[in-house]
Amino acid sequence: MSPQTETKASVGFKAGVKDYKLTYYTPDYETKDTDILAAFRVTPQPGVPPEEAGAAVAAESSTGTWTTVWTDGLTSLDRYKGRCYHIEPVAGEESQFIAYVAYPLDLFEEGSVTNMFTSIVGNVFGFKALRALRLEDLRIPPAYSKTFQGPPHGIQVERDKLNKYGRPLLGCTIKPKLGLSAKNYGRAVYECLRGGLDFTKDDENVNSQPFMRWRDRFLFCAEAIYKAQAETGEIKGHYLNATAGTCEEMIKRAVFARELGVPIVMHDYLTGGFTANTSLAHYCRDNGLLLHIHRAMHAVIDRQKNHGMHFRVLAKALRMSGGDHIHAGTVVGKLEGEREITLGFVDLLRDDYIEKDRSRGIYFTQDWVSLPGVLPVASGGIHVWHMPALTEIFGDDSVLQFGGGTLGHPWGNAPGAVANRVALEACVQARNEGRDLAREGNEIIRAAAKWSPELAAACEVWKEIKFEFPAMDTL
């Protein structure tokens, strides 16, 4: 060891354990425009001060470990460490705090959601000094977001590809989700598309099982798409699920979809992983494919109020990793989604610039600069009576996806699709005429049903169906 190295390693080094807050709690720190900012909901163990808990989160998700190490002297901790710069109590909750942490940009690999999450939501979530920990929000600085391609195409390019403007897009998940043969599956797709839907969808569970191998499904669905397009004169699509056990197999399926000339493929981005998702998004941009994203497994991560990660963070991560659509709850259907919170992350998906708004759970102002937007998909337990509310809540730049609400029609798939298309067109026309969809929605649907027997039959079947449970996702 050289004398110079000897001196650097020994000066200022004192072995042992010291409180995290001595190094990582810095309430006087002024955040930089290039910092990644995080808001954590922290529940410390009894006897652990909130400042120590917040500092521990900053340390364990950046440069710190449980004891002082001599190699700290070989780098500049001030340059690289995370800093807990503010702590506030959570209103109405005992022993819960919001800890704000700033991370210098040099901690993260460019263009890698995988690397960002490995640090920020890594081992720190198993830290013993905390009873629970939840990441509520992230501020992604433009200096970092510009290192990502983002969505393969974005909202405007998708509308131009489909030649569809001025209304939400309509979709349907084919049911039963498992067990159909490829030929019967393709027939169900055709019936829905010819009835007036823009898209049909593979269920997230459908990959390449013994009852229906992926290549057979792709071929029969492509046949259904082209047949429905010829009959209706509209561009149609089916979300062909390319999710697979390996990245290589996933790309092989996307290549086959491109060779068939279909417009869109699909990926389960959480079970598939961010590395696979980003690879697929790059392929889709290079080859003109739209990319639909399903969020299977999200509730394992985001449903508990005091531990895990809020979906708004997963939504931001998806916009960076890449996807043209993502499921975002419905507010009115069978799946979780409180209105103001849902609209908060819908704006984070679609808009270029979103102001901080704690009433909607948005902890930081987010500037996406030129990153394309993502269409939110409302799906899960919705039917024609929900159409006015969905049109009013989500607006034009959305996909409204009715699975059982199409296939459960008493007359079959095509009449179910007709009912949904008629209901949507009636709601859009009423809105454009200045009518109040929230107050007059049922009246608008009843009026349209008078000249659409398909809609009238759907209204009768689902007039009593409600999913009324208290939302778990509250502020």
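From the backbone N, Cα and C atoms, a Cβ is placed for every residue, glycine too.
What Swiss-Prot records for the substrate site is ASN123, THR173, LYS177, ARG295, SER379, and among HIS86, HIS238, HIS327 the residue it adds there is HIS327. Separating the Cα atoms of ARG295 (substrate binding site) and LYS175 (active site, proton acceptor) is a whole-number distance of 18 Å. In this structure the residues listed as binding substrate are ASN123, THR173, LYS177, ARG295, HIS327, SER379; their two most distant Cα atoms lie 37 Å apart. For the recorded positions shown (LYS177, LYS201), fewest C-beta neighbours within 10 angstroms: LYS177. Note on the recorded positions LYS14, HIS294, ARG295: the fewest other CB atoms within 10 A surround the CB of LYS14. Here the recorded positions are LYS175, HIS327, and the one whose Cβ sees the fewest other Cβ atoms within 10 Å is LYS175.
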